[in-house]
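These notes concern the structure reproduced below.
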Amino acid sequence: MISVQNVHKSFGDLEVLKGVSLDVPNGEVLSVIGGSGSGKSTLLYCINAIETINSGKILVDDVDVHSKDTNKDKLRQKLGMVFQHFNAFPHMTVLENAALAPRIVKKMSKEEAIEIAKKELEHVGLGDKFDVYPTRMSGGQQQRLAIARALAMKPDFMLLDEVTSALDPELVGEVLDTLRLLADEGMTMICVTHEMGFARDVSDRVAYFHQGVIAEIGEAKQVITEPQNPLTQKFLSKVR
Amino acid sequence: MEYEFHWNIVFQKMPELLSGAFVTLHVSVLAMLLGIVIAILLAIAKMNNSKPFCYVATVWVEIARNTPALFQIYMAYFGLGAFGIHLSPYVAVLSALVFINAGYLTETFRGGFQSIPSTQYSASKSLGMTSIQTYRYIILPQMLRRIYHPMTNQFVWSILMSSLGILVGMSELSGTTQRLQSLSFRTLEFFIVAAVMYFIITKLVLFGASLLSRRLFKGEI
Amino acid sequence: MNSLFTPLSWDDTGYILTGVWNTITISVVAIVAGTLLGMIVGFARAESNKTVNFLFGSVLDILRSVPLIIQLILFSTFVGAIGHPMNPFVAGSIVLSLYTMAFMSEVFRGGFESVSKSMQTAARSLGMTYWQTIYHIRFPIGLRAVLPSWMGVALSVIKDSALVSVIGYMELLRTSEQLISRTQQPLEILIGVGLFYFIISYPLSHYGRYLERKMAI
């Protein structure tokens, strides 16, 4: 379970998270929606300890993420993360991209790492691209590679930061299908997204972020189709 | 007026020319290796913003980039004499080339380092890699690809510029050529052969570098 | 009895200024001539087919792969040997200009090739002729794109002009070398020479880097 407790986070004078609390139980898919600058992506970076927090607490399976005693590299192995810009490692083949972390972080043997990487790449539909370099692939394929690369670490949670925002419209579908597959398999996920259809159909709950606080959170269909908070209503009427 | 070429004398002196060429390669390789080591330190100093080191690095880089190589060589050969330091021609040319290589490569390294997007760090971190692993597997390999070509050019530049050794009596390829032609007065023949040798050396270096890069860097950036 | 060496004095100013002047003259000549020739050759290479390009490229390649100092010695010896000796300024200008051209042509070729085909098509679709496209579109855009690299080459020409001293041209470094052997005050003289180059080169190289940054955006 991921538990966010009253988290505040500032960049200089700018407070981007103003007391965010949130529990994501295992097996749940939570979509986070909101305008740009609402702090939704920052939350993901804080959960993954890539960003520090100013106050509050984030627990991942009861481990305090931001405590000094926590081994952050170890913790991040539990948390798979996929970014808006695919961030493939351009100097490695698709297979090397996916096999690197299992080998050097989890210290698996080369054979083991490759086997896992191959399995996850097939999982996301890249079974025929092992020896291709990522720069030769479409954005959708690169993003699926990023998902497979994260999955190869056998994470317990997946954090997805606007993973379809940088994609051409015709490539969005293939990435969303991959995420849908993960959701069906029971992966716990937090998806920051602009895809309202995806939020409604795939996630269990939806949280609407507005200026650093959660303005509304609830069952997915209800938040998207019948939002209670006027701010959510206004936001949704604009993005549709 | 007709000029008659006499090549025999040049071919008789081939062993000496070749040993001159060896000195040229020797001094350029050494200048490159030392230049790289110093440039790494200077680049770190410049990026760390630690005041005194950053200052030294900046002054070094700017002087190296904004004054002629011949000036550097004269400085090493004649200028240091004022401090009672008398360098041999070889050491004078070597230190000038090291000084300039370090200056140019500092900027190359810095640019290469800064050209790696910060997202590569977050991606590596998110996979649980330590900082050392991130540099070892993600940042440095990509950086090496980007600085490889400018480094090759710098090496070729060093080879060509080591020819300034002729002006301080160094016995590299140009200096040797100069000495041999003054004994025989076959200036044209000797310098034509030297020119061909420089051409071959630079082509071989570039060819070797591109072979090596194909082995080292399989993907593209 | 007079000593063999006489110290540096104000009487040497004229001599030094001649060196300064000569360095500036030959640099300007080489940069101007090298730029014009380089522009023509660069454009020709951007426009021509593979065979022509290969022939052009090989000649330029030789100019870039043989040390300038060897080129200078070869050229001035050669014209002497065939009975038309040239004064050092003329010989130096010719060699330095051709050497500059070899680098400039690559710079300009890159610039002209960087003007995209689609932009040219757009210009042609507006009814411009081939030459109008070149004059109004490819030259202005291509030339602006190469300004930073052009500055880089021009600066290295100023520095490389020091090598013309090897065929007896009295540029700054050679005058200083002669002053050094007379005065035995190498450090003062060399520092002055270094300052001269630095003062010319430093602002220009910074301006070049500034342009590069501005254009990268």
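Heads up, the Cβ atoms here are built off N, Cα and C, so glycines get one too.
Please treat TrEMBL annotations as automatic predictions, because they have not gone through curation.
Per TrEMBL, the feature domain 'ABC transmembrane type-1' maps to C:20-208.
Residues annotated as transmembrane segment in TrEMBL: C:20-44 (among others).
The transmembrane segment annotation in TrEMBL covers C:65-83 (among others).
Summarising the annotation, TrEMBL assigns transmembrane segment to C:89-108 (among others).
Sequence-distant contacts of the transmembrane segment (C:145-169) (same chain, six or more residues past either end, CB-CB distance under 8 Å): 22-23, 26-27, 30-31, 34-35, 68-69, 72-73, 76, 88-89, 91-92, 95-96, 99-100, 103-104, 107-108, 110-111, 114-115, 177, 197, 200-201, 204-205, 207-209, 211-212, 215. Positions annotated as transmembrane segment by TrEMBL: C:145-169 (among others).
What TrEMBL records for C:189-205 (among others) is transmembrane segment.
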Long-range Cβ contacts under 8 Å made by the transmembrane segment (C:20-44), restricted to residues 6 or more beyond its ends, are 52, 56, 60, 89, 92-93, 96-112, 150, 153-154, 157-158, 161-162, 164, 169-173, 196
Per the Cβ under 8 Å criterion, with at least 6 residues separating them from its ends, the transmembrane segment (C:189-205) contacts 8, 16, 20, 151-152, 154-155, 158-159, 172-173, 176, 179-180, 183
If one takes Cβ-Cβ under 8 Å and requires six or more residues beyond its ends, the residues near the transmembrane segment (C:89-108) are 22, 25-26, 29-31, 33-35, 37-39, 41-43, 45-46, 56, 60, 63-64, 68, 71-72, 75-76, 79, 142-143, 146, 149-150, 153, 156-157, 160-161, 164, 167, 169
Near the transmembrane segment (C:65-83) in space but 6 or more residues beyond its ends, with Cβ under 8 Å, are 91-92, 94-96, 99, 160, 163-164, 166-167
